[in-house]
Amino acid sequence: MTRTVSLTARLLAGGLALLIGTAQATESPSIAPQAAPTSVHADEHGHGSELAQVKGAVDAIVNANLRYMQTHAPGYFERFADKQTPRATVITCSDSRVQTAGFAADAVNDLFMVRDIGNQLATAEGSVEYGVRHLHTPLLLIVGHAVCGAVKAASGDYSGIEPAIAKELATINIPKGIDVTDGVLLNVNNQVDAALLKFAGEVESGKLSVIGAFYDFRNDLRQGYGKLVITNINGETDPARIRDLVNSGRFFQLGAAQPS
């Protein structure tokens, strides 16, 4: 059986789960519910009318920003006011359920974030290249996630979707009908492979480590809700070998060639 259809089983059997970081999430201030005009449609997600959603979102954003300013002295911002010095370039999906609070205590000036549907290199190549070759981040972290809508769509018939979205789904190379979790894991591996090819010089010279991971907010891999599971290190996808690489700190070792 190829790795295409066995990735989830391998990870479940291997029992590998690494939580890269934990953030103390701060709840946004409570927002008083807004009365929705009868002329505005109700929201399918249960947040109220479109107007109520916008008012609530803007209020929450403004209040959260004010609290952020109040809890961070000017010296905090002065450290990076003139230059950014991130340690990692991170490609994640645009999905609203995937945020840096799940794996970074403070992503400011530490993670150069690149987001697109399906956490792809191809659709954000310039941004990723800037992080690796201009900001010189030694880590490229590619994060897939549970029940990714882009992966699910790419594995089915998306011929009726808007052209701009279809263009980005077309670069997610997974088999039609594949299980969504296996599809996400395969897509992460494909993105790692693409990055290893594009940045071969940096990887081979020990200046870049490419790591793939699965953010599991649904506990599909049975490692715990919200776990960030490392699934690929420079092409190595075997859970036991990944565990050994992590424990020994050999993040720049190239993985063995993977079966097709």
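Cβ from N, Cα, C; glycine included.
Those TrEMBL annotations? Automatic predictions, nothing curated.
What TrEMBL records for this protein:
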BINDING   Cys93, Asp95, His145, Cys148  Zn(2+) binding site
SIGNAL    1-25  signal peptide
For this session: Rank the binding-site residues Cys93, Cys148 by the number of other Cβ atoms within 10 Å of each Cβ, and give the residue at the low end.
Result: Cys93
For this session: Mind giving me a neighbour count for His145 (Zn(2+) binding site)? Other Cβ atoms within 10 Å of its Cβ, every protein chain shown.
Result: 24
